[in-house]
Amino acid sequence: MEPAPLSSLQEEVEGEPAGEDSSAFSAAAVPPRPATHHALHKYAPLDWSAYFDEERRVVIPGTDDIFNVYTAGSEGPVVFCLHGGGYSGLSFALAARQMKDKARVVSMDLRGHGKSTTSNDSDLSIETLTNDVIAVIRAMYGDSPPAIILVGHSMGGSVAVHVAARREIRNLHGLVVIDVVEGTAMASLVHMQKILSNRAQHFPSIEKAIEWSVKGGPLRNIESARVSIPSTLKYDESRECYMYRTPLEQTEKYWKGWYEGLSDKFLSCPVQKILLLAGTDRLDRALTIGQMQGKFQMVVVRHTGHAIQEDVPEEFASHILNFISRNKIGPNGVEIPGLIKKWGH
């Protein structure tokens with residue numbers, strides 16, 4: 001299955017339909033097979049607590065918004081993770097377990113996703129999502145945050161870029177974008193609704209949804225699917241089945257805003273940057289020039305689908321930890337022998 005270059009939605013990540021360029025997401029409507037008792041055990045949900053240390057509710061002052069956040073680790077800089085559309089903070093569970101001895105991993109459920117609740121869950125505009133992340137970071141760390149590396153997958157990658165470009169987060173030292181490129185994403189917007197409508201929509205059990213996600217859907221790692229997929233579902237009492245928690249097909253008016261101008265914004269962010277891609281030939285003109293000028297590091301990850309952090313969590317974690325080490329990012333900022341340099345505004 002050809003990896004979906006940059007979906008921004010979970011569906012975007014579901015296998016590529018033949019004959020269509022579905023970079024912004026992909027989906028294959030493969031009906032789940034009848035499950036045996038063994039299969040149900042193989043696809044049984046796994047609890048977040050085996051991967052993260054804590055689950056927190058972050059209340060945004062002066063609003064009705066409460067964001068669910070998973071944390072792991074107690075040393076090193078903060079690796080603040082933002083999932084793609086239709087995923088959840090548990091998309092980074094397996095990677096968090098790999099990183100938490102050397103970094104503090106924070107992974108939030110974005111608005112309209114996972115266990116987060118807001119006054120308007122359907123507002124997935126890039127402006128609102130960006131404001132949410134800044135508000136959560138301020139609520140957690142106040143005016144003196146530790147060193148932060150922003151990590152974003154797909155739609156979350158776009159949010160990470162917009163947060164960094166706003167230059168409102170003090171002590172921001174790195175930006176990691178996972179499998180999203182403006183040129184490919186914009187070109188594939190026309191296919192999104194068809195791809196979304198073609199994917200499996202209803203599941204008789206959580207186990208069936210997990211099974212479908214690795215057999216006909218976006219993921220290739222069964223363990224990661226068992227942790228992350230349950231948080232992307234909700235139970236529909238009237239239909240007596242599980243459905244997607246986030247109705248991405250209803251967010252079409254926001255799609256263009258997620259990606260438009262993303263490459264130039266990424267290149268303008270005044271921090272160290274790395275772009276992780278699942279496959280080659282993903283760079284648009286602005287990024288190709290930027291890479292030639294040495295403005296960011298690019299890594300092509302082989303043998304993975306769109307959700308690199310889920311499919312190959314060990315390799316993903318090693319790229320993040322190497323990025324931190326190479327740029328000498330300590331718990332409070334860049335560490336240079338004899339002095340500590342803190343970047344802020």
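Using the three backbone atoms N, Cα and C, a Cβ is placed for every residue, glycine included.
The range from 1-31, 32-62, 280-310 that TrEMBL describes as region 'Disordered' is residues 1-31. The CA atom of H306 (active site) is located 8 Å away from the CA atom of S154 (active site). Each residue contributes its Cα atom, and for D179 (active site) and S154 (active site) those atoms are 6 Å apart.
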